[in-house]
Amino acid sequence: MRLVQKPAFSSRARRSRTAVIPALLLVFLAWSAAAAAPLSAVATSVPLGLPALAAPEDNLPTEARISLGRKLFFDRRLSFNGTLSCGMCHVPEQAFTQNELRTPVGIEGRFVKRNAPSLLNVAYRSRLFHDGRESTLEHQVWQPLLKSNEMANPSIGYVLDTIRSAADYDGLFEIAYGSAVSMEAVGMALASYQRSLLLADSAFDRWRYGGDDNALDPAARRGWTLFQASGCRACHRVDEGSALFADGQFHDTGIGYARTMGLEIGKQKVMLAPGLEMAPGPGFDTPTFSDLGRYEATGRSEDRWRYLTPSLRNVALTSPYMHDGSLPDLRAVIDYYRRGGVGSPHQDPRIRPLSLSDEDVKALEAFLRSLTGNGLETLLRDARSVPIGDKH
């Protein structure tokens, strides 16, 4: 993937910018000097195990674009009351998701009905959100900015005015996109940062794609064999030259139906004190929302309770699991599929009881843990190169 050149301007526009560009460059150089190693190298050099990545031609990765997107991502001023940033639901130290709660809490403590997906390797997604209602990162970013139970801004214009009024953004959009603050440029910058969050080169990758026979231990190898024999690979695809561990499709696993019918799926334990955990009762659980999955984006009855297949890359870091965060750990997920889901008449027919021993379950878990990529610390250093919340 090549880096894009600066956008072309008319001769008149070029002349009008001649005097200000040197000053803007000084702003950018001072701003980026405090940052960690740029992610532009990560964004243009795909880690082992991932396929080639194609960014939109009008938003190819540059250091200026990624840095601007990072700044926006961690800026709490982009929420209506200045308390919430994108990075507070997609926490870098928690693999760009949120581990503590089944579903995030938005502005003023308002509940969100679905689990926050990890943003690691989100660049490869052709559908976004659990119901696939958006198809590009450039467009996706505006939904959490505007939703009343997330960042709750009243309008697009309100967000743009907030950015325009912040002196520390002066010149940054001109350098990154050759234009002033706009809806399109905000979406493009945030998308550029998220596309740089690539994490692979796992033990499995080094074994399967790197030719290192010693990279995968015997338990994980046995788990890989079971993973294939149990049919997991049908939805979590592994190709010959790379693997996304997802199929880009929507499936009914039974979880959505069970939540709607009030059936118990699993309990997320809460730590009350070191060594003391408790599964909350109904009065202390997160609210049960009506959630019909893909149906909410298409209106087709056959899409009821279907959700987008998540990638299994880095899955050991991204608990709790399922679209509603109802399964607290990997063992709970494996057990769910071992018993054949909830037996919903609507669930995917490929979900059926599996004859797995406890040792098999341990091997499968070892395999899933072998999918944790190498280099998360680089992404963390970069993420924390901006002030937490970016409040000034």
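Sequential numbering from 1, following the chain as shown.
Just so it is clear, glycine is given a Cβ too, placed from its N, Cα and C backbone atoms.
Remember, TrEMBL labels are computer predictions, not curated facts.
As recorded in TrEMBL:
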BINDING   C86, C89, H90  heme c 1 binding site
BINDING   C232, C235, H236  heme c 2 binding site
DOMAIN    218-372  domain 'Cytochrome c'
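Of the chain residues outside the heme c 1 site list C86, C89, H90, F73, S85, G87, M88, V91, F96, Q98, P104, A116, L119, P144 have their Cβ within 8 Å of the site's Cβ mean position.
Over the domain 'Cytochrome c' (218-372), the average per-residue pLDDT in this prediction is 90. The number of other CB atoms found within 10 A of the CB of C235 (heme c 2 binding site), across every protein chain shown, is 19. For H90 (heme c 1 binding site), the same-chain residues 6+ apart in sequence whose C-beta sits under 8 angstroms from its C-beta are F96, T97, Q98, A116, S118, L119.
DSSP gives C86 (heme c 1 binding site) a helix state. Note: C89 (heme c 1 binding site) has non-local neighbours Q98, P104, G106, V112, A116, P144, E150, i.e. same-chain residues 6+ apart with C-beta under 8 A of its own C-beta. A straight line from the CA of C86 (heme c 1 binding site) to the CA of H236 (heme c 2 binding site) spans 27 Å. Shown in sequence order, F227, G231, R233, A234, R237, F245, A246, D247, T309, L312 are the same-chain residues outside C232, C235, H236 whose Cβ sits within 8 Å of the Cβ centre of the heme c 2 site. Sequence-distant contacts (6 or more apart, same chain, Cβ under 8 Å) of C232 (heme c 2 binding site) comprise Y337.
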